[in-house]
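Annotated in TrEMBL:
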type	residues	note
DOMAIN	1-504	domain 'Major facilitator superfamily (MFS) profile'
TRANSMEM	105-128	transmembrane segment
TRANSMEM	135-157	transmembrane segment
TRANSMEM	203-222	transmembrane segment
TRANSMEM	228-249	transmembrane segment
REGION	257-283	region 'Disordered'
TRANSMEM	316-337	transmembrane segment
TRANSMEM	357-374	transmembrane segment
TRANSMEM	381-400	transmembrane segment
TRANSMEM	406-427	transmembrane segment
TRANSMEM	447-469	transmembrane segment
TRANSMEM	481-501	transmembrane segment
Amino acid sequence: MVGAGGCLLPSGSTPDLCVPLPLQSRLHQNCSEQIKPINDTHSLNDTMWCSWAPFGKPRARCSSHSPFPLPREEAVQGGLPAGASMQSAFCSSHLLSDKDNYKELLAGVDNAFLVAYAIGMFISGVFGERLPLRYYLSAGMLLSGLFTSLFGLGYFWNIHELWYFVVIQVCNGLVQTTGWPSVVTCVGNWFGKGKRGFIMGIWNSHTSVGNILGSLIAGIWVNGQWGLSFVVPGIITAIMGIITFLFLIEHPEDVDCSPPQHHGEPAENQDNPEDPGNSPCSIRDSGLETVAKTSKGPCEEPAAIDFFGALRIPGVVEFSLCLLFAKLVSYTFLYWLPLYIFNVAHFSAKEAGDLSTLFDVGGIIGGIMAGLISDYTNGRATTCCVMLILAAPMMFLYNYIGQDGITSSIVMLIICGGLVNGPYALITTAVSADLGTHKSLKGNAKALSTVTAIIDGTGSIGAALGPLLAGLISPTGWNNVFYMLISADVLACLLLCRLVYKEILAWKVSLSRGSGYKEI
């Protein structure tokens, strides 16, 4: 669960399960303004005596209870019986000291997830192409819910061991790789190329909505029983896995709907027997039509494409490397934006977290606009390239003038979110679906999951590198962090130059012939 409030990574989610920034503050908070309980054994200079140390060891014991009982509401909120004393409250939660490098350890926990997710993604697509997607996706969601809940249960089980949280993160990163290739494949099965960009742009907004909801849900319990910030989302994810198992329909043919057109116009497809949409083996008809076709001869199901076969599809390598740098920029903003706003604009921690959600709001708008424009122009690469070019100066301006006031912060955060996340959203959805049904496959449509996994897996490497580089560079100044982001943005743009050139040539040919655009 990646919260829009971000994750503090001083040395380095997800997509998707990290220790949220507000929760990290809870784990290591400044206790200098709080009143110590009676019979407290901590040093007078210890300013973190009230923290819940995730990697610490016992250092004190409570020999007696305070004569001052806690208010009923505070006791209940803290998971204690009504009338429990203040001393017992501290005895139950705050007996542990943490290691001096706890920030690096928390960063390692987050990176354990990101690295496992990036590695597992390359494997996940191969399995997703060969297993029923409904079972595969449902099992992944159930396991994701389990491991997310186990992370939070470490609080209730009073676990303070690094290995426990790292193992849970690695397992969660691996099982969550079942999600993205599966859902993109399902949506790609239902919608053809004509309006795929716009439809998937709207559909992809769920990622930003999930970021916002994740942050809000985590924030409910962050100042109390923070374990619920993971247990509750884990339960929600498991419930949605059950719903997916019961109601997901993988192919339109399964409910007697016509398959989508994946290439060009209907007239063109009728003359192209190699199009997956025209191959009789790709249509799951029933009734008399099936009998008629089987009487002419059995149709063999095409074999799923392998990893290296997917790499040979034109455009897969370019878009994968482009996403690496685009996702590097996006995830650096996701993890570090609240801290940047807090330090540079001097907003409160809550205000910084709330403002950072505007970046996701811009991402929703940018993803929809990118899909709509690419559908109209039939230029996926050109759309991404133009947005990346515009994003570079906007990031520069945001760093220098974006913190001058609340109005400028809001406007520029939305614009930057749209320009940064627009190409990211387009590549991971419509572009992946287009390449997974590319005409070079000669009718074999069983490549969607593998292609999506390769593209998103490569992008996830950037998602792990971005926060790590930001953590290493930030001590030298925030300006250098933004220079790094702008450089990554420019590299992402340059990697698409060949594809942009081919699209421009295709437009020229289309205009000269006076006919519609044909896929190259």
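Glycine is no exception: its Cβ is also placed from the backbone N, Cα and C atoms.
Automatic prediction, not curation, is the source of TrEMBL annotations.
Fair warning: this is a prediction, and the values are worked out from it, not measured in the lab.
In this chain, the transmembrane segment (357-374) touches the transmembrane segment (203-222); three or more CB pairs sit within less than 8 A of each other, excluding pairs fewer than 6 residues apart. Recorded stretches compared: 316-337, 357-374, 381-400; the one with the most Cβ pairs under 8 Å to the transmembrane segment (481-501) is 316-337. When Cβ-Cβ distances under 8 Å to the transmembrane segment (316-337) are tallied for each of 105-128, 135-157, 228-249, 357-374, 447-469, the top count falls to 447-469. Residues 4-5, 196-202, 204-205, 207-209, 211-212, 215, 330, 333-334, 337, 380, 382-384, 387, 410, 413-426, 429-430 of the same chain sit 6 or more residues outside the transmembrane segment (357-374) yet have a Cβ under 8 Å from a Cβ within it. Restricting the average to the domain 'Major facilitator superfamily (MFS) profile' (1-504) gives a pLDDT of 74. When Cβ-Cβ distances below 8 Å are used as the criterion, the transmembrane segment (447-469) is approached by residues 7, 9, 11-12, 14-15, 107, 110-111, 114-115, 117-126, 128-129, 133, 177, 180-182, 184-185, 188-189, 304-307, 309-311, 313, 316, 319-321, 323-332, 335-336, 424, 427-428, 431-433, 435-438, 441, 484, 488 of the same chain, each at least six residues removed from its ends.
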